[in-house]
Amino acid sequence: MVYDYIIIGAGSAGNVLATRLTEDPDVTVLLLEAGGPDYRFDFRTQMPAALAYPLQGRRYNWAYETEPEPHMNNRRMECGRGKGLGGSSLINGMCYIRGNAMDFDEWAKLPGLEDWNYLNCLPYFRKAETRDIGANDYHGDSGPVSVTTPKKGNNVLFHAMVEAGVQAGYPRTDDLNGYQQEGFGPMDRTVTPHGRRASTARGYLDQAKSRKNLTIETHATTDIIEFEGKKASGVRYFKGTNTTPQHVKARKEILLCAGAIASPQILQRSGVGPEDVLNEFDISPVHVLPGVGQNLQDHLEMYLQYECKQPVSLYPALKWYNQPKIGAEWLFKGTGIGASNQFEAGGFIRSSEKFAWPNIQFHFLPVAINYNGSNAVEVHGFQAHVGSMRSPSRGRIKITSRDPHQHPSILFNYMSTEQDWQEFRAAIRITREIMAQPALDPYRGEEISPGKDIQTDEQLDAFVRERAETAFHPCGSCKMGNDEMAVVDGAGRVHGIESLRVIDASIMPNIITGNLNATTIMIAEKMADKIKGIKPLPASQADYYVAGHSPARRN
């Protein structure tokens, strides 16, 4: 079969491209996805409060593991990635955070990326979004991604934690995606008005999947991209458990949207990557590109947990005998505890004036539990997820075999610089100062984790090594740019190759300040216009906050 475009990966970026490209009825698109459908009757992926469940299984999660991380007690750490229509937007925490304006302005300083500054990206964030309280200079009201804002009457602990951050001397902000990211405030979520997860499968593919010019193949594992010389011409993939490969051809382009872990793997297997990797697995080089799989970045975070003196936390919702009622309210009304991811407040701060924009992120949660649903504390409690935003540490991804079913070797090299340790120590100490504020006096009990005895630098470092976990934000492994380690240009085109683009979180040159999903969707929206060859949306004129010489904290 021949299509105009073949998209590899029906995730946060691939579904955007499939939807936008098939708006033209004369353009044919094949969308290949290694996972299955996003079953709408499966509460694990559709109920926001059930976000921990997909991470515990394998149906929707590739469940990669890292190599032993040398600075983290040689732990093999989780690296969950979404599998199925929606990709990681099918299993993520649904936090709608776009990053800081300065992240994009920094990207735009790199040669060839001049049009990736914030004011050129903002129109594409708006294009993708329908915010439940309407549009303004920063937000959209007619896009495929449903965004829900926290409502009055939500858990009192959210308000107390934001108030405590302000009492500790940090700014207050009413919109973490608006004029000013820096500060504490309410956190939006990608949830529909009916309380369902707003994955890109729901938001984008639902409007496109009935189009005759879009073909969606699930359980289709891409083996390699096929080339004629240096021109990408087709894809070889396996359908289900069938060991006979399928071959499809592209008239125009192949768009690789398999994510920060799988995109570099597919390139390497196809003969595009570092010479030593291609040689090791006896792969004929199509084009030697040393940056494929390099520059890997992520966010690391810790949980600081406290007992709650009043019975206001979500602890009762963890009890099996309360869950049928919560489930029924969500199923029939789309409301209640089940309709929220429970990350309804958070913030971004600078740990010192040496950072020009926030370097620490907080998510507040009114229960004490691990992100993947394990190790729930058997008392009323609450916690802050806290971690650094722009670690200088860099890792890598490389294939371990030519077999597409084999997981790659992943090394993030977490905490490999002195800056990492300084930021994490500061983050723990600042969090404790916030938790000690009067706003939390009615609620704050004993510190559960790390525990009040953990005070010295050495003790804090040991806690980080033993307990810090991924925030599930891998990116950067096929970075945009023009330098010798860049893999794609500012339009996602692979250097040295014709008719092949990479469009997903792997192309971010530097990780952003916050969760990655909204930005990955924005990147795909912006790239869709580049692929179509149409004029970009006009740059925004909106103001945005630059800290300048403002203190990081008022005394």
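Any Cβ shown, glycine's included, is placed from N, Cα and C.
Computed from a predicted structure; not experimentally measured.
Summarising the annotation, Swiss-Prot assigns active site, proton acceptor to His473. Feature annotation from Swiss-Prot assigns FAD binding site to 4-33.
Secondary structure at Leu32 (FAD binding site), taken from DSSP and collapsed to helix, strand or coil, is strand. Of the listed binding-site residues Asp4, Asp24, the Cβ environment within 10 Å is emptiest of other Cβ atoms at Asp24. Fewest other C-beta atoms within 10 angstroms, among the binding-site residues Ser12, Thr28, are seen around Thr28.
Distance noted between the C-alpha atoms of Val16 (FAD binding site) and His473 (active site, proton acceptor) is 19 Å. A separation of roughly 32 Å, to the nearest angstrom, links the Cα atoms of the residue listed as 'active site, proton acceptor' and Thr28 (FAD binding site). For Arg20 (FAD binding site), the Cβ neighbour count at a 10 Å cut-off comes to 22, with all displayed protein chains included.
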